[in-house]
Amino acid sequence: MYTKSNKKKDRAKESIRKNQRLFRCPICGEAMGMNHAYSMICNSKHCFDLSKKGYLNLLTSRYKPVYSKELFEARHKVCEAGFYDPFINALAQIIGEYQKGKELNILDAGCGEGSHLYRLSQRIEKDARYTFMGVDISKDSIHIAANNSSDIIWSIADLARLPFQNSSFDVLLNILSPANYEEFERVLSNSAIIIKVVPEPQYLKELRETIYNDRKDMHYSNNKVINYFSQRLDVMDIQNISYKFAVDEKLLPYLIEMTPLTWGKSPERLNGIFEKNISSITVNLAIIIGRKKK
């Protein structure tokens with residue numbers, strides 16, 4: 001019987017086959033190709049199977065999860081509510097401005113549960129020349145990402161050992177995620193842009209002000225992150241986006257669950273968030289746009 005999962009797997013297989021030239025074996029570094037049995041195989045016969053959900057697991061060693069499945073599910077709910085949509089709109093505009101009229105291979109490195117890349121693809125995928133790929137080291141996150149009904153290629157992979165050929169991507173996104181600049185530079189083409197997104201001091205300030213006692217903990221500085229980025233890459237621009245998003249009693253629990261800010265906090269401290277009757281949450285992000293140094 002041909003099921004919905006079979007159809008999804010076949011669709012993913014075809015997308016990967018069309019773009020298999022971008023992949024390289026995470027074990028030996030050789031080229032890889034999709035065979036007829038839903039597997040990616042390199043010239044040295046290292047084999048990686050396509051899951052029923054339609055994603056590839058390209059990890060070469062065991063990984064102990066840092067983030068829980070519940071966190072990724074909560075983040076997915078928050079994104080579905082449109083919490084990050086103004087930010088996603090800004091991303092789409094930036095990509096259009098810097099890489100206009102090109103065939104683009106776009107990689108989201110550290111994509112989490114895939115909502116940012118999926119919602120971005122819905123804004124610019126009308127142009128068939130765009131190929132979207134998302135990688136994350138968490139199996140739980142990619143499992144959720146693969147539920148999206150799109151042609152995005154999802155892979156479980158280590159950012160320190162990206163399973164892609166040199167100079168493969170025209171746009172690399174690194175959104176609220178750790179970075180590995182050595183690998184990022186390797187997979188970027190010479191004309192590519194990298195877009196790194198980091199929190200600004202006012203990001204989720206309503207939660208910070210409720211959770212933390214010490215005023216120093218209420219504030220966040222991204223200066224070290226931006227300085228290190230500028231050491232590795234040429235900074236083209238830094239754009240700041242800030243807005244308030246209305247929340248209700250249904251969305252607020254997911255916001256609390258999705259952020260590591262609440263880790264280790266007592267139930268009393270978390271209940272204080274609800275008692276404050278928060279009606280909106282601040283989104284304040286820095287979008288750093290860079291290129292490889294020449």
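Cβ coordinates are placed from backbone N, Cα and C, and glycine is handled just like the others.
Here TrEMBL flags 23-61 as domain '23S rRNA (guanine(745)-N(1))-methyltransferase N-terminal'. Over the domain '23S rRNA (guanine(745)-N(1))-methyltransferase N-terminal' (23-61), the average per-residue pLDDT in this prediction is 95.
Under the heading Zn(2+) binding site, TrEMBL lists Cys25, Cys28, Cys42, His46. Cβ neighbours within 10 Å of Cys42 (Zn(2+) binding site), excluding its own Cβ and spanning all shown chains: 20.
Residues annotated as S-adenosyl-L-methionine binding site in TrEMBL: Tyr84, Glu113, Gly114, Tyr203. Other Cβ atoms within 10 Å of the Cβ of Tyr84 (S-adenosyl-L-methionine binding site) number 24 in total over all chains.
According to TrEMBL, the feature domain 'Methyltransferase' maps to 102-216.
In the three-state DSSP reading, Cys42 (Zn(2+) binding site) counts as strand. Panel annotation: around the domain '23S rRNA (guanine(745)-N(1))-methyltransferase N-terminal' (23-61), residues 5, 8-9, 11-13, 16-17, 137, 139, 142-143, 145-147, 153-158, 161-165 of the same chain, lying at least six beyond its termini, place a Cβ under 8 Å from a Cβ of the stretch.
Here the Cα atom of Gly114 (S-adenosyl-L-methionine binding site) is found 27 Å from that of Cys28 (Zn(2+) binding site). Its own atom aside, the Cβ of Cys25 (Zn(2+) binding site) has 21 Cβ atoms within 10 angstroms in the protein chains shown.
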